[in-house]
Amino acid sequence: MEKDSILDIITSNRRHIEFTKNQTSKNTMIPNLLPNFARFRSAFCIPSACRSEDLERILNSTLLHFGKSIGLTIYNEVFEENCSVYTEISWNSSDITFLIMLGALVSLALAATVYEERFNVEGGGIFQVVVQSFSMSNNWRKLTSCNTMMASLDGIRALSIFAVMLCHFGLTNLTLPYINKKDIFDTSRRIEYLPYYLSSLSVDSFLLLGGALRTYNVLEKLERKKFFYFKDVIQRYLRKFKYFLFALIFPYLYFYANRLTPALAVTIAFYATIFPLLGSGPTWFQDVGVQKEVCQENWPLNLLYVNNIIDPDRMCIVQTWYLGADMQLYLLAPLIVYPIWMWPSAGKYIIPVMLALSSLLTAYIIFETDTTVLFVSTFEDDKLASYFKWIHYFTPSRLFSYLAGVTLGKILSSIKNGNAEKTSKEVFYSSSILSTLALSVILYAVLQYISPDYKYSLGQSISLGVLIKIVVTFCIAWIIFVCETGHGGRTNRFLSCRPLQFISKLSFCMFLTHYIVINHLNGSTRQPEYFCFIRQTYVMIGHCVYTIFLSISLHLLVEAPSRALTKNIMTK
């Protein structure tokens, strides 16, 4: 009994609830985001002539002798894929192709920048469009310019991307070696670590913004009856539903080619080619090398935006599950927006009914899968794996937040067109107080839920899962509504400030690149560190700085040029 107690202490009571045997890239989720407290890992430097079986045999003979002295059976597993040999970098054809493509992009951007600076580039010809699209000075001016239309949304987006980065940074801490790793469980009781735990709620704000902007843009186009592609063809053959089809089909093609895919494709190519060649370490293969295999295998799922529902356990670039969910909801939005626009009186009932149904759907998913609604490191591995598959990645589980965004977009469109009723000060004050109180209650419930002392309850998970989405999305939507109706005051000035607008324009590239920094840092770790708040803050700030620099490069070389080119082509 004493030995069991000791093992429970040194494994933080997770030795019976973690997947500790035969963890290889073939039978675990990729990347492996599950906590690692019950597995003891060591790194050894041995002659390259030795094989993994040799090291395993030597270690097991030593551990067996040591275990007998204390009454335990101890054995070790060494997998070939975890072994690496120092050799000169070997470039294959895929690596060289990517480097050539990258060199061509850099050369084109530099040439376009120099040409634009020396000559006055005017006109709408193909050459002028290409020069203006790839000019880094031109794209930098756009990046640093200020937006005056719905600027509060930029601030929310910027804060949300920082929260996403913080969430992923904190999540990977559970897999890293620390001298005092058990102290991580105590962080849920300390107020300075509160942002780490609450950052997981930031995804709902992204979906809210996506739904709001999608609805706002679709309604504006439906009102103007102005569309850009296949207009004559659709008008000739389809009359009654022509505007609806434009709003449904064209934005997908435009959004697919313009906003997401080029930068995403370049990032996938980086993961699948040269990234594993840029470092080394005891866990380099698990953190970086395995991603190359998965990206080479499943990259079509990413570019089709179905990676969150097809083979989600082997996902290329784990955070891109959100892009799949967002694209699927993006296609769904016109099916909801069109009836609201066509029959305004019925729209007053359509939206509440759909919000209620989506809440019931969330409750049903939690009930059917019997899973947690938040990532809690004290829960069993099978429950956490189920959480990622059915709650975190699964699009229907995210439907409520997007529908809340649809509601917000409809309200913002009505305000712009002068169709909305004025809100009294009493309503503003009472709603602000109500949202603050509701958010405080939910945050308290979240802290109780993630506490190491909490015992899982399905009923509480269902209640919390539904209420989190309702309260968090309502509070964020209320902040945006207050700011856009001129009542935001200092909050609106903060959310609309130039630095946050700059980060907002970089947010997509930061979303794509921040895991590169995390994976490189974790994979190259060669010795345990001491876990403390000061060190975590220091590393997180450095992580943000590196991510911003990477994002600026990706934005200037890929995202901004592809957006400008697509815009010019589609509007001709």
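The backbone N, Cα and C atoms fix where each Cβ goes, and this holds for glycine too.
Summarising the annotation, TrEMBL assigns transmembrane segment to 96-115, 158-176, 240-257, 263-285, 349-367, 427-450, 462-481, 502-518, 538-558. Per TrEMBL, the feature domain 'Acyltransferase 3' maps to 151-528.
Proximity of distant same-chain residues to the transmembrane segment (462-481), defined by a Cβ-Cβ separation under 8 Å and at least 6 residues beyond the stretch ends, is recorded for 152-153, 156, 201, 204-205, 208, 212, 359, 362-363, 366-367, 373-374, 391, 400-401, 404-405, 407-408, 411-412, 431-432, 435-436, 438-439, 441-442, 445-446, 449, 488, 491, 495. Remote same-chain residues near the transmembrane segment (538-558) are listed as 105-106, 109, 136, 139-140, 143, 162, 165-166, 169, 262-263, 266-267, 503, 505-506, 509-510, 512-514, 516-518, 521 (criterion: CB distance under 8 Å, separation of at least six residues from the stretch ends). Same-chain residues lying 6 or more positions outside the transmembrane segment (96-115) and placing a CB less than 8 Å from one of its CB atoms are 121, 130-138, 269-270, 273-274, 556-558, 561.
Mean predicted confidence for the domain 'Acyltransferase 3' (151-528): the pLDDT average there is 85.
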